[in-house]
Amino acid sequence: MEDVLEPEKKRTRGLGTATKFTSSHPRAPAITTVPQAQGQTTAPKVPKKTGPRCSTAVVTVLKNQKPGPAVPAQKPGTAAPPKLGGKKPSKRPAWDLKGQLCDLNAELKCCRERTQTLDQENQQLRVQLREAQQQATALGAERRTLEGELTRVRAQAEQLEERLGTQEGLVQELQKEQLELQEERRELATRLEEQERRLQASEAALSGSQAEVASLRQEAAAQAALLAERGERLHGLEMERRRLHNQLQELKGNIRVFCRVRPVLPGEPTPPPGFLLFPSGPGGPSDPPTHLSLFRSDERRGTLSGVPAPPTRHDFSFDRVFPPGSGQDEVFEEIAMLVQSALDGYPVCIFAYGQTGSGKTFTMEGGPGGDPQVEGLIPRALRHLFSVAQELSGQGWTYSFVASYVEIYNETVRDLLAPGTRKGQGGECEIRRAGPGSEELTVTNARYIPVSCEKEVEALLHLARQNRAVARTAQNERSSRSHSVFQLQISGEHAGRGLQCGAPLNLVDLAGSERLDPGLALGPGERERLRETQAINSSLSTLGLVIMALSNKESHVPYRNSKLTYLLQNSLGGSAKMLMFVNISPLEENVSESLNSLRFASKVNQCVIGTAQANRK
Ligand code: ADP
Ligand code: MG
């Protein structure tokens, strides 16, 4: 803008100069200078008000470098004196009026020409002025535009400065962040180095371990091969053990008889000394007793001299005799191997035979109070089976056990495991074949409960006791007048070899073997009792007959003659193992029944080929 304004100032200055130039004009002699002023700038005769215009035009011309056609550039105020013909005209004498007039005319003419020239010049100057004004207007507009633009640019600049400030702040933050990141990076680099070091160490360890693993794998493969070989051998040994075990059991006799004499209970009369004797075997007292001698004094038999006849000695020999002091564990030890035969697939039957009160239930289920010392054969046998099955699982055998417990009273079968409302109801059960053509027998309406631990067995025995207790109130001492049959169906499988075995284990608490006193009057109660007794005697004698028929290898075995033998037919004979406990009361008052029991047991014992021994009387 300064540049735009500058010419104005110059023009103003030029105007001042022109004014001076104009004010000096009147002093110049107008006439004398006219002829010389041709083609030059002269001030005289120019009206005062046009002076500045003329000067302005001159200056403008000078500035624009456009020399005016009639006014050459000349410093104002320094007008040269008019020259005519290059020679100063001589002053006409006063008299030469004509000459003077002529001069004046010439001067006038000159002035007119001059005026004309000045007018033209003036015209030009006006034009130039207009142009200059237009130019000034344009420049003013341009200036305003530029000012507007300047304002906008300034605002923009301010904005940019503001943004710059923000950006600088950001830059500072970023720089700070960068520093932090650099720090972090350094830390990470350190950690990375550490990790790399560790990785290298781990890799080294890993390669070591891999080598170790490879060698261990080799070793494991060798061990596996060895193990497989050993497994094979073990299996062979197990099968051999089973074969030998069975052979041993057979050598011992597939039918064995053990005699157990219970102790005298508190409050019972002490039997006379020597009433029962347990003579040692050929091996001396260290040998387990197998003999029993019973002395019976018969008052009816007298001697001629009137002295009482000496008591008659009755000797019996069994596979094993347990005197009164024998514990439950001792008894079980003798039958543990037999029980194990059931795991090997041989049916096993264990009976307790004897008069009421001789200790059958004690032997089978145990004594009162849940004392582990007096636990009977049933819980001990099951515990043994569970633990052997567990051991055999290591050789690939899997066993399952299903228990049932029934009672046979008066040739009717009743479930002793009936729960809840059915307890003691005596809901009748039937013995049926498990299916058409099947050898397996099952008791309808009876519960078959899978068992796998002692606790479950205990619960079952407890339930059976409860059922018997309820029945006892309904019918006097029915439990001693019925057979209780605990059956455990054992199923074993060796999935790896596709082997299966299964056999029942039967633990039977037989009904009291006592006979009815023939001297008793037969009232209605007694008649019922007589029927009971006949049923019991019949089933017990059937049992004896079945055993005998089996040992004599008779073609017909009278299983069907009693419910008991019918139910147990699959567990008697063939490869089945049978053991009979003959329970004996130590009391002298029971001597008759004891003798009956011992005779029955002896008969059974005689049935056993190879182990039968003659009973001496
Ligand atoms: P059973 O079942 O033959 O009728 P129990 O087993 O009920 O006879 O026995 C009758 C009584 O004798 C019970 O009180 C029982 O506890 C007790 N008893 C039987 N055998 C023994 C024994 N070996 N040791 C101790 N007590 C026995
Ligand atoms: Mg009993």
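Even glycines carry a Cβ here, placed using N, Cα and C.
Annotated ATP binding site per TrEMBL: GLY354, GLN355, THR356, GLY357, SER358, GLY359, LYS360, THR361, in sequence order. As annotated by TrEMBL, coiled coil applies to 115-254. Among the features that TrEMBL reports, compositional bias 'Polar residues' is placed at 33-43. According to TrEMBL, the domain 'Kinesin motor' annotation covers 254-607. Under the heading region 'Disordered', TrEMBL lists 1-92.
Projection of TrEMBL feature records onto the structure.
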| residue | record | Cβ contacts under 8 Å, 6 or more apart |
| --- | --- | --- |
| GLY354 | ATP binding site | LYS360, LEU510, GLY512, SER513, PHE581, VAL582, ASN583, ILE584, SER585, SER597 |
| GLN355 | ATP binding site | GLY512, SER513, GLU514, ASN583, SER585, ASN590, GLU593, SER594, ASN596, SER597 |
| GLY357 | ATP binding site | SER480, GLY512, SER585, ASN590 |
| SER358 | ATP binding site | ARG262, ASN583, ILE584, SER585, ASN590, GLU593, SER594, SER597 |
| GLY359 | ATP binding site | ARG260, ARG262, ASN583, SER585 |
Out of the binding-site residues I have (GLY357, LYS360, THR361), which ones have their Cβ sitting under 6 Å from ligand 2? LYS360, THR361
Averaging the per-residue pLDDT over the coiled coil (115-254), what integer do you get? 89
Sparsest-packed of the listed binding-site residues (THR356, THR361) - C-beta count within 10 angstroms: THR356
If the ATP site is taken as the center of the Cβ atoms of GLY354, GLN355, THR356, GLY357, SER358, GLY359, LYS360, THR361, which further residues of that chain fall within 8 Å of it by their Cβ? ARG262, ALA352, PHE362, SER480, GLY512, ASN583, SER585
Within 10 angstroms of the C-beta of LYS360 (ATP binding site), what count of other C-beta atoms is obtained when all protein chains are considered? 28
